[in-house]
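Noted in Swiss-Prot for the protein shown:
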- 1-145: domain 'N-acetyltransferase' (DOMAIN)
- TRP22, HIS25, TYR66, GLU79, ASP115, GLU136: substrate binding site (BINDING)
- ILE81, PHE82, VAL83, GLN89, ARG90, GLY91, VAL92, ALA93, LYS94, ASN120: acetyl-CoA binding site (BINDING)
Amino acid sequence: MDIRQMNKTHLEHWRGLRKQLWPGHPDDAHLADGEEILQADHLASFIAMADGVAIGFADASIRHDYVNGCDSSPVVFLEGIFVLPSFRQRGVAKQLIAAVQRWGTNKGCREMASDTSPENTISQKVHQALGFEETERVIFYRKRC
């Protein structure tokens, strides 16, 4: 297995994995996101490949705005991570996170952050297993003008 930063040849593999993580996201939106990731310097995606098959991915961004729970800027932000169920518990996510962290460090980041919803306890356990620490819980509100 190896981890590669996504390029145009990985786009279809990435889209297939991403659809499993976010099935409600339309196909054309996944493709538009992929094109943006390939062109933007502050975005990256990493693909885990095993025997020519994409088995996982991690999307990341460099954020310069305030990131909850962080003390520095910029921060590398894990936007999403997914590993095929048959490849979980084998260190794939750990290697994806290491690739994201190296990328962020090369971009001047000293911290990595991520988020998940309070009810997504599986994601919380995965984050903790990957070395993240919970910093705060936030509820967002809105009011229409």
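In case you wondered, yes, glycine gets a Cβ from its N, Cα and C as well.
In sequence order, LEU130 are the residues of the chain that are 6 or more apart from LYS94 (acetyl-CoA binding site) and have a CB within less than 8 Å of its CB. Long-range Cβ neighbours of ILE81 (acetyl-CoA binding site) (same chain, at least 6 residues apart, Cβ-Cβ under 8 Å): GLY56, PHE57, ALA58, ASP59, ALA93, LEU96, ILE97, VAL126. Across the domain 'N-acetyltransferase' (1-145), the DSSP tally of helix, strand and coil residues reads 54 helix, 35 strand, 56 coil. Taking CA atoms as the reference points, HIS25 (substrate binding site) and VAL83 (acetyl-CoA binding site) are 18 Å apart.
Cβ neighbour counts within 10 Å, taken over all protein chains shown, single out TRP22 as the most crowded of the binding-site residues TRP22, TYR66.
Within 10 Å of the C-beta atom of GLU136 (substrate binding site) sit 7 other C-beta atoms, taking all shown protein chains into account. In this structure the residues listed as binding substrate are TRP22, HIS25, TYR66, GLU79, ASP115, GLU136; their two most distant Cα atoms lie 27 Å apart. Taking only the Cα positions, the spacing between TYR66 (substrate binding site) and VAL92 (acetyl-CoA binding site) is 29 angstrom.
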